[in-house]
Amino acid sequence: MAATTDPTTNLASESEKGNQQPLKMEPLDSNAPPKYEHDSASGSDGEVPKGETSDEIGNIFEGQDGKSYRTMTRWGTIFALLTNQFGIGALGLPSAFATLGLVPALITLFGSALLAWYTGFELYRYSILHPQCVHIIDLAKAAGGRTWQVIVAIGFLIQVIMFCSSAIVTISIAFNTMTEHAICTVSFMAVAAVISFILCVPRTVKFISRSGPPTVVSLVGAVLIVMISLGFADPVKAPENWTPTIKAFNNPGFRNIFNAVLKIVFAYAGNHSYVSYMAEMKDPKKDFPFSLTWLITLTTAFYTMLATGIYCLAGEYTTSPALGSAPHIYAKAAYGVVLPAILTGALANGHVGVKYMFIVCMKQMKATGEITSNTVRSWAAWMICTTIFWIIAFILANAIPIFDSIVSIQSATTYAWFSFGMSGVFYLVSRKGTHFNGAKNIAFFVLNCGIILFAFFLNGAGLWASLTEMLEIFATGDNVNGTFSCGDNSAL
């Protein structure tokens, strides 16, 4: 049998696109993290600003003129990851189960979990080989040069802004549900955007980590309220003497099936933040696999309980977001309890989006050394980036005020790549020249090619399904308000 090699050690011959020097690095089994002779992901096209070495730029969160941001432990990272992934995505799962039927939905859920773990681990491997990278856009530049960097940066910002827009819509639904539409929905969205803006003022990922426990308690508490209430009372729209209709298999048509699959994909879509979190960990090489495994295990167990429990209790009256499935008064209580989880989800995604904008801004001002400093310039740049980010998210939330449509569109356009496709690309780039060295490498080559094709398929079919559904909803005017509308969007 041909000998196989550890794929993580086959990057010594990798070089950047353009006229850049090849990377030289120590083996991964060294006690020290790999070092690079040339930092390809910093500065403008690899150019090192005067007075700064490539290693210093590669370690921008170590603190050149300020404190170090690299303070997160493995347990802190677990809570940061839970904050990043728990919340909005989970609220669409029961309706996905109602659409697909229990058996296909569970298979899709477990398959998505395995794929999310594998692609997250590949992202970790590639990130460890490029310690100068502090977000996923840096990894894209390391893999494909300036062109890939620009494309991924645009996709990344679209993704996090759309996530935060869906959070604003969900918060407005919660406010309208709890207050019985006390004020204009646009005003509720403005309140949601302002609160999210305030939460994004702290500049370290550790603040997201500290938000983890209230996020978990909030979401679990809300789900328990819904499930317990459905145990002794019918859904709000159910007729008298109603019994739930539970289907093991369902055939709702291709478009509905695909939108349901996209909801499940969305629930595992946290990969875009992994590199940003690793950049602020004390020892990501040692601790991140532990944190990732715990994340996937906990979320899969919770998602299974949430989706099967609410669907089996609410049957054909399962709603999206799921909290509206509960009887009226309990749905109000659940929306009140879940608000912290929705807000912290907006915080987690908003933070990584703002931080990327901030780093680009500081590099343009040739102030990389101030990224972790409390200078007037660094704080002014951070606050300006935060303000711009949340204004855009607020506008988009009012332009597409439909929760399901935002979830499906962003899953099809960007999450397909950030959660799955990009990890496959990084695998192919990092193992170039070794794909056919033995059965193991061939198998992983085929697997990652399949992951990339799956991302393309989600792009095409998923975008068609989500856009046609949204246009149909707008055309019929069924349970949807116009853009920037004061109309009631409550769940009840």
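Including glycine, each Cβ sits where the backbone N, Cα and C put it.
Annotations in TrEMBL come from automatic prediction, not curation.
Here is what TrEMBL says about this protein:
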{"type": "REGION", "residues": "1-62", "note": "region 'Disordered'"}
{"type": "COMPBIAS", "residues": "1-22", "note": "compositional bias 'Polar residues'"}
{"type": "DOMAIN", "residues": "71-466", "note": "domain 'Amino acid transporter transmembrane'"}
{"type": "TRANSMEM", "residues": "75-93", "note": "transmembrane segment"}
{"type": "TRANSMEM", "residues": "99-118", "note": "transmembrane segment"}
{"type": "TRANSMEM", "residues": "150-175", "note": "transmembrane segment"}
{"type": "TRANSMEM", "residues": "181-201", "note": "transmembrane segment"}
{"type": "TRANSMEM", "residues": "213-233", "note": "transmembrane segment"}
{"type": "TRANSMEM", "residues": "253-271", "note": "transmembrane segment"}
{"type": "TRANSMEM", "residues": "292-314", "note": "transmembrane segment"}
{"type": "TRANSMEM", "residues": "334-358", "note": "transmembrane segment"}
{"type": "TRANSMEM", "residues": "379-400", "note": "transmembrane segment"}
{"type": "TRANSMEM", "residues": "412-430", "note": "transmembrane segment"}
{"type": "TRANSMEM", "residues": "442-465", "note": "transmembrane segment"}
Top Cβ-contact partner of the transmembrane segment (75-93) among 181-201, 292-314, 379-400, 412-430 (pairs under 8 Å):
292-314
Under an 8 Å Cβ to Cβ limit, what residues of the same chain, 6 or more beyond the ends of the transmembrane segment (99-118), are close to it?
93, 246-250, 252, 256-257, 259-261, 264-265, 267-268, 270-271, 292-293, 296, 299-300, 303-304, 307-308, 311, 419-420, 423, 451
The transmembrane segment (292-314) touching the transmembrane segment (379-400) per 3+ Cβ pairs under 8 Å rule:
no
Six or more residues beyond either end and a Cβ under 8 Å away: which residues meet both conditions relative to the transmembrane segment (412-430)?
7-8, 10-11, 14, 115-116, 118-120, 122-123, 125-126, 129, 136, 139-140, 143-144, 152, 155-156, 158-159, 162, 262, 265-266, 268-272, 444-445, 448-452, 454-456, 458-459, 462-463, 465-466
Cβ under 8 Å, sequence separation of at least 6 from the ends of the transmembrane segment (334-358): give me the contacting residues as numbers and ranges.
80, 83-84, 86-88, 91, 135, 137, 153, 156-157, 160-161, 163-164, 167-168, 170-171, 173-174, 177-178, 192, 195-196, 199-200, 203, 205, 207-208, 211-212, 214-219, 221-223, 225-226, 272-273, 276, 323, 326, 371, 381-382, 385-386, 388-390, 393, 491
